[in-house]
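Taken from TrEMBL, the feature compositional bias 'Low complexity' covers 1-25. Feature annotation from TrEMBL assigns region 'Disordered' to 1-34. Marked as Fe-coproporphyrin III binding site by TrEMBL: Ser88, Tyr157. Annotated Fe(2+) binding site per TrEMBL: His224, Glu330, in sequence order.
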Amino acid sequence: MTTTNEAGTPAAAAPGTGAVPGAHPETLPDRDPRSPVAYDAILLVSFGGPEGQDDVLPFLRNVTRGRGIPDERLEEVAHHYRHFGGVSPINEQNRALQAALQEELRSRGVDLPVLWGNRNWDPYLADAIRDAHAAGHRKILAVVTSAYSSYSGCRQYREDLAGALEETGLAGELHIDKVRNYFDHPGFVTPFVEGVREALQRTHDQLGPDGDITRDAHVLFVTHSIPTSTAVTSGPPDAELGEEGAYGAQHRAVADVIMASAGAMSDVGTGGSAAQFAAVPWSLVYQSRSGAPTTPWLEPDINDAIEALAEHGTKAVVIVPIGFVSDHMEVMWDLDEEAMETAQEKGMYAERVATPGVHPEFVRGLIDLVQERLASPSNPEGGTPCSRPALTPLGPWYDVCRPGCCANPRAVKPAVAGLAP
Ligand SMILES: CC1=C(CCC(=O)O)c2cc3nc(cc4[nH]c(cc5[nH]c(cc1n2)c(C)c5CCC(=O)O)c(CCC(=O)O)c4C)C(CCC(=O)O)=C3C
Ligand SMILES: [Fe+2]
């Protein structure tokens, strides 16, 4: 067996340890799927969003496809979109990310096109794949706009890609892999560290000379709630990462490292306050719950958390949307409208930190992730053990998803970029 890189295995899983979470070496096929590949195109894979009032209902029908949710119910969710003219910012953000990724590759002398396709809106994945094939591409590396392990954020995209291959009749013609989940990659984490530090600095100033940031402020790391039944099955089946599964464990590990780094960064012109930042209390909370009220989802909801903190005398909250890569509708509505209003009602000072978006560190980080996987003359590290940066003890995460990883709660479907099934 090749030792090209430990690409399929988290750092915590030292070679030779029998109890490696999620490692199934016996199921590896003949050709190690973790070996570098001469990819000929990069595919940015995202959720998609409506771009006008007429798009809103068709978009929501796509999102909830196969679940028979009546339009009247969808119209309840639609009002978030309607409020902003029926336009989600997510597509524009992805166009900007696509262009930034292309420019980063060009500046490194890597001649690969960055294509773009969505799960729920134009440009759809099937169209992107059809165009890629027509342009002569055969080996595609997907970069998904979701950093964590969950059904929605990982396996569902892998199923969507397999479905797009099926729909276009290109299964067997096109090979599609995906870069590892990058929740703890420095490119994803660093923009949040900067944002938290700046927000805590302003919060510190706001609290004034009588304030004590470690007593009066609280950092709320927030991510998308998911049903508890799919949280527990997120990540490899035998990972044993607790009731919230890999999804919860990854978010907690990221929050931990952000807090430690926000306090550790240099303290120019802050009068020494940054050293206290690591001691500010924090919690992981959830947003955007949907589905039947009887189905348990991850809690607490961010609004309930803000109210509870207010009861305990907390005067300021810093909201950090670590679950998302851009300031899309879930951020604009659920945080900037709803959570901010809750904080305001309670008379609290509140700030919402930016998501990575097209932060240069994030763009560089995503292209570093591409280069980890690329066998080409332009990648000096390709084909040899390459650096796989990861800031938490959980990572670096798997390049190739383990069998049964992030199980589909409704059905078993074909999926790319994983070890079968
Ligand atoms: C984990 C996760 C992420 C993060 C990972 C990732 O980024 O993928 C995410 C992202 C997003 N979710 C988004 C929008 C929606 N999500 C919905 C529904 C749901 N999301 C879920 C989970 C997640 N969602 C779940 C378990 C459901 C229940 C129904 C189901 O099991 O599918 C619904 C249906 C209506 C509703 O139920 O509220 C909408 C409209 C947008 C677009 C925003 C924009 O337009 O700017 C984005 C980026
Ligand atoms: Fe969602």
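In case you wondered, yes, glycine gets a Cβ from its N, Cα and C as well.
The Cβ neighbour count for Tyr157 (Fe-coproporphyrin III binding site), using a 10 Å radius and every protein chain shown, is 25. Take the CB of Glu330 (Fe(2+) binding site) and look out to 10 A: across all protein chains shown you find 21 other CB atoms. The Cβ of His224 (Fe(2+) binding site) has 23 other Cβ atoms within 10 Å, all protein chains considered. If you draw a 10 Å sphere around the CB of Ser88 (Fe-coproporphyrin III binding site), it holds 24 other CB atoms from the protein chains shown. Looking at Tyr157 (Fe-coproporphyrin III binding site) and Glu330 (Fe(2+) binding site), their Cα atoms lie 19 Å from each other. In the three-state DSSP assignment, the secondary structure recorded for His224 (Fe(2+) binding site) is strand.
Taking the C-alpha positions, the distance from Glu330 (Fe(2+) binding site) to Ser88 (Fe-coproporphyrin III binding site) comes to 9 Å. Between the C-alpha atoms of His224 (Fe(2+) binding site) and Ser88 (Fe-coproporphyrin III binding site), the distance comes to 17 Å.
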